[in-house]
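Report on the structure given below.
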Amino acid sequence: MGSNLSPQLCLMPFILGLLSGGVTTTPWSLARPQGSCSLEGVEIKGGSFRLLQEGQALEYVCPSGFYPYPVQTRTCRSTGSWSTLKTQDQKTVRKAECRAIHCPRPHDFENGEYWPRSPYYNVSDEISFHCYDGYTLRGSANRTCQVNGRWSGQTAICDNGAGYCSNPGIPIGTRKVGSQYRLEDSVTYHCSRGLTLRGSQRRTCQEGGSWSGTEPSCQDSFMYDTPQEVAEAFLSSLTETIEGVDAEDGHGPGEQQKRKIVLDPSGSMNIYLVLDGSDSIGASNFTGAKKCLVNLIEKVASYGVKPRYGLVTYATYPKIWVKVSEADSSNADWVTKQLNEINYEDHKLKSGTNTKKALQAVYSMMSWPDDVPPEGWNRTRHVIILMTDGLHNMGGDPITVIDEIRDLLYIGKDRKNPREDYLDVYVFGVGPLVNQVNINALASKKDNEQHVFKVKDMENLEDVFYQMIDESQSLSLCGMVWEHRKGTDYHKQPWQAKISVIRPSKGHESCMGAVVSEYFVLTAAHCFTVDDKEHSIKVSVGGEKRDLEIEVVLFHPNYNINGKKEAGIPEFYDYDVALIKLKNKLKYGQTIRPICLPCTEGTTRALRLPPTTTCQQQKEELLPAQDIKALFVSEEEKKLTRKEVYIKNGDKKGSCERDAQYAPGYDKVKDISEVVTPRFLCTGGVSPYADPNTCRGDSGGPLIVHKRSRFIQVGVISWGVVDVCKNQKRQKQVPAHARDFHINLFQVLPWLKEKLQDEDLGFL
């Protein structure tokens, strides 16, 4: 705290049907299935197992780099015995074991050679391809066997360009029948016994030189897509879908153009989110799925597009929560709110798995009354995202509904204008019980795009959507964080800066600050004295141990801590703000990002307000005349933690400010406005809730409003009435008059705008 006072020197249509298996991990020695199968003799050599579906199935688990042989899962049969251990060629095995993962070998490679040749390849082994004279290599010349049993890179293809279509290649592990690539010629692909084909089994050479469908691959049961692979492939395809060429943009029918991220306001997209709430899911997986969808909505919104959403949950029967026809269905915040309010128990009484009914609910929202298409129906794009293990247990085959949707949207009927761009079906297989044949049948198959994915578990799926959001293009966006379970303190508070001022013979002073641009950190002026030299000021960001070089500290010209000493006020904190200018430009990353400042274009976008929004309108949005939920970031036991407080900006504002009289040195102040000027925001006290207080070392840190998943700084921590952190420990019991005061950034905007005018923040 300060000298006598307490300045605190001291944060498309999409479908989601999740059928992930409801996994419960249990030590096998203690577990007992709720079914009738004994656990005796089911253990696996070199690994362990866990029970699924309340003991009706089990999954074998092996260390990284190994896979369960001969099967990954077993089911409890009605006879009271576990399903037999059988190899891919149907031979019975007595005991399961963990075997080293190998990558498949190329069965065929046309018009070239590969080296080394081997019946199988171990993890980290490399293979190289080269072409015969007259042929050109496409794809990856060198590939590495990865820990998930897949080869890195892209399919190597040797082509001489003689065909109407280019050579479609032979993905490693597949066999191809057909070597003519003329218009309307077809090729077919096959997998070895025991492997499942993903992608298109048959591909046809089409007008324009492209192949129908998507590149196939052969999958073993232990193979999974990594979160990074899924995020890259899905996001690549998704951004292709977010806008396409419509029928009125001057391009001829069937003409393929690169689709853009920015959606034409006159265009149309519907996004249907459909979650499976059946018994096989489990509450934790259902909650995880909702988190994924929230992140997906955020991702789409970050592109500045406003599709219409539909929201459906289902088990035996579907339940429609949001219809695309509703007025608010394009409001991402409103849709997110509806999504967060859904409970897993909503389908508890009828908990079958009727994927077909869920898709029919989507079909009903796509269709139009009296079978009369509305104007512009053929410019609406549709995307379906289905998360499932493919094991629907009632209602019939859901693929028939996909066919009906294609028919409704007039897709694939006109060879010259097949309209394939207007429907994308993404299928995520989640968990060990995935039926790869079924999920592949449901997914779209498009050239150079991937629409079917298999992820290991819900944890991996959440990784996918976090990676989608946190791509490099968004690093400069203000107020964004990486709210991931694996994230560090600085992933979650990437703007937070630690400041230390070393004063010879006087020790050192600690403060906080916030990164507001690539060259500036915003903090409190009282953290420094006029005698402090730049070399004595240490600033660190992103949790890095190295200190940043300081060019200059800029004080607000109206700040003067001794300005009212003659009036008997020992310390005066009006205009208590300063900017630290760094010598070198910060490099933004996941742990170093700027916070949003009021009255900037970045905050307008963060709040999803119209581009014409004024500074006053931002103020009304962020600081309405009421109690405002906010937060600050404090360091406790070397960890950054968020503390939730309420800014008293309504009927409690006066009493909050009057409690300043309890601060040391202010007890004789007759008019509290002498020390609490209009530049201050007040937090603390016990109403409407007991607010935590700032500590010595928190000074200069940001007071933050968290809205629409973005963080906007509205204040700078300045001073407090009570020192609640004596002896380096935060007191649990504090008086009701323990208040904290923060400089309101809306009140110092002219100064901020002047000093940050070259930082490309777009002040309004």
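Any Cβ shown, glycine's included, is placed from N, Cα and C.
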Item to check | Candidates Cys103, Cys158 - disulfide partner of Cys131 as recorded in Swiss-Prot | outcome: Cys158
Item to check | glycation site: annotated position in Swiss-Prot, out of Lys291, Lys498, Lys581, Lys753 | outcome: Lys291
Item to check | Cys103: disulphide-linked cysteine among Cys37, Cys145, Cys165, Cys191 [source: Swiss-Prot] | outcome: Cys145
Checklist outcome for this item: Here the 10 Å Cβ neighbour count for Lys291 (glycation site) comes out at 17
Checklist outcome for this item: By Cα geometry, the one of the recorded positions (Asn142, Lys291, Thr353, Asn378) nearest Asn285 (N-linked glycosylation site) is Lys291
Checklist entry - Within 10 angstroms of the C-beta of Asn285 (N-linked glycosylation site), what count of other C-beta atoms is obtained when all protein chains are considered? => result 25
Next on the checklist: Can you tell me which of the recorded positions Asn122, Asn142, Thr353, Asn378 is spatially closest to Lys291 (glycation site)? Compare CA atoms only.
Outcome noted: Thr353
Item to check | Separation of alpha carbons, Thr353 (Mn(2+) binding site) and Asn378 (N-linked glycosylation site) (Å) | outcome: 32
Checklist outcome for this item: Cα of Asn142 (N-linked glycosylation site) to Cα of Asn122 (N-linked glycosylation site), in Å and rounded, measures 15
Checklist outcome for this item: For the recorded positions Asn122, Asn142, Thr353, the largest set of other C-beta atoms within 10 Å encircles the C-beta of Thr353
Next on the checklist: I'd like the per-state residue tally for the domain 'Sushi 2' (101-160) from DSSP, helix first, then strand, then coil.
Outcome noted: 0 helix, 25 strand, 35 coil
Next on the checklist: Please report the distance from the Cα of Asn122 (N-linked glycosylation site) to the Cα of Thr353 (Mn(2+) binding site), rounded to the nearest angstrom.
Outcome noted: 39
